Amino acid sequence: MNTLLWVVLPYVVLAIFVFGHLWRYRYDQFGWTTRSSELYERRLLRIGSPLFHVGILFVLLGHVAGLVVPQRWTQWLGVSETGYHWAAIVLGTLAGVCTLGGLALLIYRRRTVGPVFMATTRNDKLMYLLLAVTLLLGLGTTVISNVLGEYDYRRTVSPWFRSIFLLHPEGDLMAGAPPTFHLHVLAAFALFAVWPFTRLVHMLTAPLGYLTRPYIVYRSRAGAPGDPARARPPAADARRGF
Amino acid sequence: MRVMTQLAMVMNLDKCIGCHTCSVTCKQVWTNRAGTEYVWFNNVETRPGQGYPRRYEDQDRWKGGWETDRRGRLRLRAGGRFKKLATIFANPLMPNIRDYYEPWTYDYDTLFTAPEQEHTPVARPRSLISGRPMKVEWSANWDDDLAGDPSPDPVLQSVSEQVKLEFEKTFMFFLPRICEHCLNPSCVASCPSGALYKRSEDGIVLVDQDRCRGWRMCVTGCPYKKVYFNHRTGKAEKCTFCFPRVEVGIPTICAETCVGRLRYIGPVLYDADRVAGAAAVPDERDLVEAQKSVLLDPEDPAVQEAARESGVRDDWLEACRRSPVHKLIFEYGVALPLHPEYRTMPMVWYIPPLSPVVDALGRTGHDGEDAGNLFGAIDALRIPVDYLAGLFTAGDPAPVREVLRKLAAMRSHMREVNLGRVPDPAVSASVGMTPPLIESMYRLLAIAEYGDRYVIPLADPDQGPGSEELNTGCGLDFAGGPGMDGPFGEASGRPRPVAVENFHALRHRQDTDELGEPPGRRPARRVNLLNWDGKGLPEGLFPPRSRSRDDS
């Protein structure tokens, strides 16, 4: 059972996540969008959306620090155990509350603003459910494990997480963790499994290239999609920047 | 010098009667789909008026286009790259659906299903956005023909301290607008994904529907508000300059169907290396001349040489020499760009209307075709001229006055010709033209043939003349057809031609039972003929055949 949950399942989810994205990127460029609803309503979105997105970026950073960075590295850097602990509690709770608050506002908006609700698909509803459950369990885990009873996940959960990517899975490490961690991780598995098939894919095309590309983009007609048959030498130096 | 070609348009505003035929045909061809109900790639505004979307010219509010910073460098008015990414989660400068208008339909079904009653049943308006009954309070041309109060017009406010026009001084004309297909497009520069691009062969600005991720920054970036967000597909859409048509040498649908024949299409040559410098000249009032200086003279042998080196084909060069657009901008000097102060180098040009001046003159009882009277009126009527200057020359009345004097001279000269009198050469000389030049301008403006108004070289050199317009759609791309339903909702699936991209979304809107269906009734299909594309037979177009007729 433990092997199934903490060794087989992670790889299944990972495979769905990676190959699902690859498949959709090839198959469904047209559907790959944020599906913004800002045109309908802006007042609530202006508060809720940045709150949620900035919050979840910090949550992501927190997970990287907690799961990917081994305890030895932070010790080597001179970060004491209590210092790390407090930083995790304060920042993690803050980011979690921001994210959940933003999400609550966005879900409230989605339900109460007529046009936004009309534009909500079943796919969206499932995604919102999984996202909310994962986030709630995640915040709950932070609070319970750090505040009520101290549990050092960096000795069990984090090595298990890294062991998966090192292709030497140690499921027993995770099996010994408290049930709150189990629930959070299982909810996250479900979220990652549906991720490539929801609007969440927009995260993977965050437009960081904008920072370096020239402002004006020229394209030759031959390069335009839908025009593959029109062979013509592409215009040399077809971009301009200033 | 890097020579590139651009298909440009000129509109002669004196001939626009505001019939909206261009808007309607464009809408039928390009935006009769769900998600684009509120979108008009071509719209006709009454000026003075608020425009569509409301007060889009107020760039203190919307921050479209470019501006120069303290060191004279060009930058996006809405903020640079970092600011764009920082505000990506909620764009503070994007117009709401109410700034355009909330599209609606009518509950026609009640007309058929209402029980017998004392009063005639009424088809009430229903929002196409929320599906609820709504009060119609605004639309794309709500202030048509000076309906309502034109005083919120930002251009009018910049011209006149006393905003409310006295009735005797009112004037009005129509302004048809499409995407400007700018040489320095700020929508392209605003797109974080790099999905918008300018075609190097003909300068048409397009949205790559596959690369657009719905960040909406292009809507903010365009000062003319001519990039729209399809709220169904979550992608940006804009005027395509009817590229499937112009590629095979026929004019855009708006130009083709124009009742007044006021649109001219032709290519111009420009120097791509000089665009950024010309867009950054310090004084706004120099922008018209700067924009003209970027365009190149196709008769100049040095330009021809450079054009060939840059890969411009000979048939395109020849078209540039015959281009009516080039003639109207340079040879006759009567075409001006719309809002050059946005620094985007717009490539749809306008001949400002003389009619406000003629109308005012006529009201005073003077002869509206006499050159002396017209010249005097152009100098005396400050508000119409300043208003036109606010539209076409960044507020400089001199170029507008010069164009209007040319049009007045042409009017007066041709009256003498038509009455069989000898025209006074002093009239044409006073505007720097000769009688033959004035008469050739008259021919182009008044009686030009199809082939003179539209000089459109073929995109593909191998394509013979007389080729059919490319069919942009597949015969099987109808609602419910093979491959039309993607797995992730209506917007997903393989890329398909832009004109037919999501008819399955349309179908849901058209024949959904959600609007005004009385409870307990057998669900009936609703067919909106305004949105029907003519392909296939939608269910419910005809009443079901009765069994008895089938048997016979």
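Glycine is treated like the rest: Cβ placed from N, Cα and C.
Straight from TrEMBL, the features:
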- A:H53, A:H63, A:H184, A:H202: heme b binding site (BINDING)
- A:223-236: compositional bias 'Low complexity' (COMPBIAS)
- A:2-221: domain 'NarG-like' (DOMAIN)
- A:223-242: region 'Disordered' (REGION)
- A:6-23: transmembrane segment (TRANSMEM)
- A:44-64: transmembrane segment (TRANSMEM)
- A:84-108: transmembrane segment (TRANSMEM)
- A:128-148: transmembrane segment (TRANSMEM)
- A:181-198: transmembrane segment (TRANSMEM)
Response to the item:
Counting Cβ atoms within 10 Å of each Cβ, the densest environment among the binding-site residues A:H53, A:H63, A:H184, A:H202 belongs to A:H184
Discussion item. Max CA to CA distance in Å over the heme b-binding set A:H53, A:H63, A:H184, A:H202?
Written reply: 23
Worksheet item: Over the domain 'NarG-like' (A:2-221), what is the model's average pLDDT?
Response: 91
